[in-house]
Structures are given as C-alpha cells and as structure tokens.
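Record features, source TrEMBL:
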type     : residues : note
TRANSMEM : 20-39    : transmembrane segment
TRANSMEM : 51-70    : transmembrane segment
TRANSMEM : 90-114   : transmembrane segment
TRANSMEM : 135-158  : transmembrane segment
TRANSMEM : 178-200  : transmembrane segment
TRANSMEM : 212-234  : transmembrane segment
TRANSMEM : 240-261  : transmembrane segment
Amino acid sequence: MSDNWDRYYSPTSVAEMPVFYTALAVSLTNIPIIGYAIYNRDYLPIKSKNVWIVAGIGLGSTIFNVSFNILNGMMGFEGVLGYCRFWTAWMMSTLGLGLFLSPMNMRLIIYYRVFVTRRTHSYTHFTVAKFLRRYWPLFVLWMPVVASSIVASVLPAHKTVQLVVDHGLNTCHNNFSFLYFIFAYFAAQVLVAWGLYLRMRKIAKAFNEFRLALWTLLIFTAIFVLNLAVMLAQGTVYPWGRIFLAFANMVLFNSYFWTILGPPIYGHIFRREATLRRFMDDMHEDGILAQQAHIGSAHKHLYGVEDGTNSYVKQSDLGTSAHAPYSQMPTAVNPMESSTGTDQYSPYMQRLASTSTTSISTVDAAAQSRGRLIL
C-alpha cells in the first residue's frame, strides 16, 4: 500500500507468498469459530460475550488481514488483485477496519451504559426500534468509513487509490488525503476507546466481565502505532515491512477475537457443565459487587441476560443439575454449598473479603456527581 514517497517499490520476494497463505489460513479460522458461537449462542458463557458484536469483530479481522496483505502486493497485482480501489475502500477500510473497530468500541459502550449512565436496553422481544436504540452508536462509529468508501467510488481513481506502474512494477498508489483519512479514522476510534475506559475504570474494574477492557485498549493502540510507524518509515515498499505487518496484524487482530470467544467455546466442547458453573460463579460475584456499588441488576446486561442469576438458560444437551439454581445443585456437584441448603457462596465471599464497600460506594457517588455522556 505504498504511496511511493521517495523510495522505489521492491518486487515481491519468495518469502512473502508463504507468509500470505499463513496469515490467510490463520485468519480464516475465525469463520468456523463465528459459526460455532452463533449456533451455540444460547449457551450462557458464549451468549454473555455479545455474540453478534464479537462476530463482527472476527469477520472484520479476517477481511482486514486478507485485504491489507493483498494491497501490499504480497501476491502481486494480476487480475482481480489489481482492483486497488475495491480492496482499499470497501474491503480493507469498510468491511475490515470499520467492522473490526466499531464493534470493539460498542462493547465498551455497553460497559459504559451499565457502569456510568445506568441506561440499559432490553434483550427480549426483538423489534427494529429496540435494536436501533441499543446499537445506534455502532452505526455512528461505522458510518464515516462507509461514507468515505462511497465517495472514493465516485471520485476519479487518481484522487483516492489506483493501480500504477512504479519503475516497471505494478503497485497500489494511495492519494495522501485518502490515506490520511484512514489513519485519522483509526486514531479517532482509539481516542473514543480510551475515553470510555478512563471514564468508567474506577467503577467497573472489579467486575469479571470488564477485565478484557484494558486488553481491548492495548490491542487498539498497538495496531495503530505499529502500522503508522511502518507506514511513515515507508516500510511497506520493502519485503521486510510487508512481512512484519502481515505477522503483527495477524497476531494482534486475531488474538483479541480469540481471547473473547476461545475460553467459552473450549469450555462448551470439553468442560461444558464446569464452565457453566464457573460462569455462574462470576455472575453471582458480580451481583454482590453490583449491590455494593448501588447499580442494582444492571450488571446482568453485561452477560446478555435479564432473568436473574438464579437460573440457567435451558440447554437441551446438559444434565438437570446444570439447569437448576446454583443453591439447588446436588452437593456432589456443588461441594462449596453449605449443608443447610441455604445460599452461601463461600467462594465469592472469600474473594470479596478484600473488597471495600466504602471505596466502591465513594467511587459511585463521585461518578454520579459528574456529568455523563448519554449513549
């Protein structure tokens, strides 16, 4: 994706094709993972990850990695690979970068609604109006890059991106304005993510489901910094730059997606009931913290449930004990339960012993005293 500032574009090396196919194979593993998660989305540990949003992250990651490597010429520019405007505007920017970054920020917005504004929306009885009311920030975050791709399709190719001959070699040449817009869009998404995280971290950091938030920010920032640095150094005109970014993007983009869906899918395949019980442990623990922080049951929206933490979603292939409330599980299945049959969650109380109710309430009061952005 060279802009050919003052260096000649180097031809594709023999090492680039194996790297391309490796990145392609690794990225395409997201597709069956997405399909498995959607098919088993009623399994609570999977459902709690906002399956459709995470599916967008995984799909965007795959499309970005493939199209970015094509634009860098790792497979040459013959035939359909030479349609630079299509690969840049629609595949890499809109369906790749935009579809990856916008759902990532949407996950943070869901956290923000729970922990700061306390304005949550119902999951039940789907309607278009409810869907738009819940996910309108996702479309707002995505629309700038969609609009830019529409404009790029209308403008002459030399004002956006086109296939040119650079010292006898074909390459995709990006107009500076178009390239700057892509990086500005990326930077804006990173700033939004950091702003959301810093606004709510004092309240939310004790909750189990929030622990991936910092990982989100680190992935965001690392991808942006690495790609910007290599681009500014004009590294993509050389094989080493193209290979480095191919590996770096493959690891960074996919690792976030795998970190979200990997554990619950692994649990569903190999340790289904144990994973379900551990998930309920986390929900009960977060429920206790939510009461201390005076946010009621709003934390359940982090998990995609509204029917309380005392029951499981019916699973056709699980035993009866896995459907029952935690306190009603047989002793053999739930050894931590008291012999009296009452709800005594000793694992939670041990972990919560070090949690200061006063400090949580103080943070919550401070948050209520400040102005809130309504999302």
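Just so you know, glycine gets a Cβ as well, placed from its N, Cα and C.
Using the rule of three or more Cβ pairs under 8 Å, pairs at least 6 apart in sequence, the transmembrane segment (240-261) is not in contact with the transmembrane segment (178-200). Note on the transmembrane segment (135-158): residues 53, 84-85, 88-90, 93-94, 97-99, 101-103, 105-106, 109, 175, 178, 181-182, 185, 188-189, 192, 375 of its chain, located 6 or more positions outside it, place their CB under 8 angstroms from a CB of the stretch.
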